[in-house]
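Peer 1: Below is one structure. I have some questions about it.
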Amino acid sequence: MTVATEKTPHKSSSMFKLFSNKLRGNNDSTPAAAPAPVPTKKLTKAHTSAHISRSASTNTPHPLRNGVTGIPSASPAPRQMTRRSTGVTPTMVKSSKQLSTLTAHNSNPFRNKNGTISSASHTHNGPTNSQHMVYNPYGINNRPTETQSSVRGSSYSRHGSGSHISSGSASSTNNNTDLSFYMHDGDNKIRMLPLPIADPNEFLPDDIKQVSIHLSDNFSFDKDNKTIGSGGSSEVRIVRSNYRSKDVYALKKLNMIYDETPEKFYKRCSKEFIIAKQLSNNIHITSTFYLVKVPTTIYTTRGWGFIMELGSKDLFQLMEKSGWKNVPLHEKFCLFKQVAQGVKFCHDNGIAHRDLKPENVLLSKDGVCKLTDFGISDWYHKENEDGTIEVKQNAGMIGSPPYAPPEVMYWDAKKKYPTSMQKPYDPLKLDCYSLGIIFITLINNIIPFFESCNMDPKFREYENSYNNFIRYQNKNFRQKGTYKPGPGSEYMLARRFKNADASRVAWRLADPDPETRYTMEDLFNDPWFQSVETCVDVNDVNLVRHPQIKKTSSEGINLVNAADAHPIPSPMVGTDTNGGLHSDSENPAGTHTTEESVETPKPASIRELHKPRSMVDIAESPMKKAATTPLFTLDEEAKEERDHEQETNTTAEADNEKAQTVPTSAVDTNEFASKENATTTDNDNVNTKATTADPTTQQGAEITETGSIAGSISASISASITASMSGSVSGAATAPIPRRDPSNRSIHSNATSTGTAGRKKKVVHHHMEVPGSAFQI
């Protein structure tokens, strides 16, 4: 018995007890580590759907005996385990004497209290055999069943699951009825207009009503689909003409803001368009062409948008470059004066911008500054009952810090200023203060302070410096008509001007006191400001090619008959009422070619267009359009480009010849006069001599014989030269040659000078070529 016992050990009940103690790992002698805290079931907004899909058992870290946190997926050693990872209390192993049958050893320790076993979690979203599919028009319902909720946690339970499901899935418990929840991946801050979208012509005056009101009629999105700018109320994308791929424009897509109603949205957008359209005939204003309907596409949602001139960059992007500090001061002064000329043009036309900042100043490829974004602009004139007109005072927080003056910052609700300090203010002086802060930022390459209020320490320092300069150096600094030097290098915000007169202009514009602040009239009367030379003249023609409009909208066809009754030609059919280029350069003003003109349809066709279209017509419309519309070939595009280049070269040659033949100084005039006196015998009538023996006229005849220009151009050149010489000979010998009429200037010019070739510019800034220039950074 003893040998048999040694070969086959007897497994008594005491041995089973010893084995069970071994499994427990000396729990009697060493205290076990505290169990891991059960994770809370409530999910925060910071969690993503990836966090939610994990089960509670695999996501809970297992506490170890030695207190070291282990990896959730790693299995601890048997001796180190103090509690089963499944959370089920281990069943005590009984002695074999107490087991009635062998099946007692096959009990599953993973079953729950109800005696059922939870199904294993799966990663797919489809329903299992035990689940019922719930219909969802946006896809399969990803909400788990009650069985899965017991395993994954109460965050998937039926009570309150709508607030925890990720925004990417559409749940039946989600009470959000805003369609933008599905159009913008759950971002319900961007709201869409309800259908149908209103016709823009219903909100526009008769003189600027449009024939085409749909974006897709004549424009298409750029293939790169880049958002070149975005804000709280709009986003800007690039669109191209459907007829000339090289004609690129900017689409400013307008969005609804806050709790704005559709009616308020339409009025706000139409007001901005009317103001921008009214100011589009100036070289320092970004041209705005059309107000169109924008359809829902993969790029953007439905709404309204502006077709605008596309700028190269804005002034803020220019100043944030690392090499901006190396740009010469005279170029910075040039850019500042261009911005000031744009602001003055707005004020002269009765409009206050009210949101001037470097981000709202665009630059063309030629280096011309252009104001943009008239979203909060307004007409500042107010007509009283007695017929007098005065400036309309504003109230409320308007503009962007730090470009908003102190009198505006008092209206900021976050600052909690007393109501006694909140007084109405002049919107024109708001623009002047913003212009002064832009000038200081332009020179110092830093924003002087964050907010123009006494709660900002930098502004308090600037205000103290302002008062100290007046108290100790220039007591008459704020007096009107005083042009003494301004602050010098001892003041931080005047140090980099390196010119006391320039710092005077900047500080007078940015005067914290609106009563003594520079106005636009004071600025343009300042001697230093008048001496600043710019590379562009304010009277130069705006060189912007207007888009071609060849396709009309069904809503705008009735306007074709009304267009003939208006004395002002519509700018939508290729005529430029602003003095700029036509959509087709071959068209004279007030005429339309057969390519761009809109034929007046018959009344029967108009009635048919207003009938609802069937689904068959909608499906067949692309095939009908492809069969009737000829494709635009490369030969036609090349021919159009050659014709345009030939016309440009012809006009440029005429301007160059005219510039060479006109005397540019009094010395040339005397030389021409001496030659006339030597070749004529009649000394009584000087005008007759100049007419009969003018060598310039002979030169013009030779040019005509060689065929370089037309005879009419030569005759006009000769007549102008004769008149100039007659006046110079009969008058003083040092009399300057009068400048040409701005209305007769040529609209063709090079990239370095936007003026005409016949008039020499004061200064030419080659922004694209000068080393260290702003455009070479």
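The backbone N, Cα and C atoms fix where each Cβ goes, and this holds for glycine too.
When I checked Swiss-Prot for this same protein, it listed these features:
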{"type": "ACT_SITE", "residues": "Asp355", "note": "active site, proton acceptor"}
{"type": "BINDING", "residues": "Ile228, Gly229, Ser230, Gly231, Gly232, Ser233, Ser234, Glu235, Val236, Lys252", "note": "ATP binding site"}
{"type": "COMPBIAS", "residues": "30-41", "note": "compositional bias 'Low complexity'"}
{"type": "COMPBIAS", "residues": "50-61", "note": "compositional bias 'Polar residues'"}
{"type": "COMPBIAS", "residues": "83-133", "note": "compositional bias 'Polar residues'"}
{"type": "COMPBIAS", "residues": "149-172", "note": "compositional bias 'Low complexity'"}
{"type": "COMPBIAS", "residues": "575-592", "note": "compositional bias 'Polar residues'"}
{"type": "COMPBIAS", "residues": "648-672", "note": "compositional bias 'Polar residues'"}
{"type": "COMPBIAS", "residues": "677-694", "note": "compositional bias 'Low complexity'"}
{"type": "COMPBIAS", "residues": "744-756", "note": "compositional bias 'Polar residues'"}
{"type": "DOMAIN", "residues": "222-529", "note": "domain 'Protein kinase'"}
{"type": "REGION", "residues": "21-174", "note": "region 'Disordered'"}
{"type": "REGION", "residues": "564-705", "note": "region 'Disordered'"}
{"type": "REGION", "residues": "728-764", "note": "region 'Disordered'"}
Peer 1: Just name the most isolated of the binding-site residues Ser230, Ser234, going by other Cβ atoms within 10 Å of its Cβ.
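Peer 2: Looking at the binding-site residues Ser230, Ser234, the Cβ with the fewest others within 10 Å is that of Ser230.
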Peer 1: If you count Cβ atoms within 10 Å of each one, which of the binding-site residues Ile228, Val236 comes out on top?
Peer 2: Val236
Peer 1: Return the count of C-beta atoms lying within 10 angstroms of the C-beta of Gly232 (ATP binding site), excluding that atom itself.
Peer 2: 10
Peer 1: My understanding is the cutoff is Cβ-Cβ under 8 Å with a sequence separation of 6 or more in the same chain; which residues meet that for the residue listed as 'active site, proton acceptor'?
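Peer 2: Result: Asp373, Gly375, Ile376, Ser377, Ile398, Gly399, Ser400, Tyr403, Ser434.
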Peer 1: With the ATP site defined by the record as Ile228, Gly229, Ser230, Gly231, Gly232, Ser233, Ser234, Glu235, Val236, Lys252, how many Å span the farthest pair of C-alpha atoms?
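Peer 2: Between the most distant Cα atoms of the ATP site, 15 Å.
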Peer 1: What does DSSP assign Gly232 (ATP binding site), in three states?
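Peer 2: It is coil.
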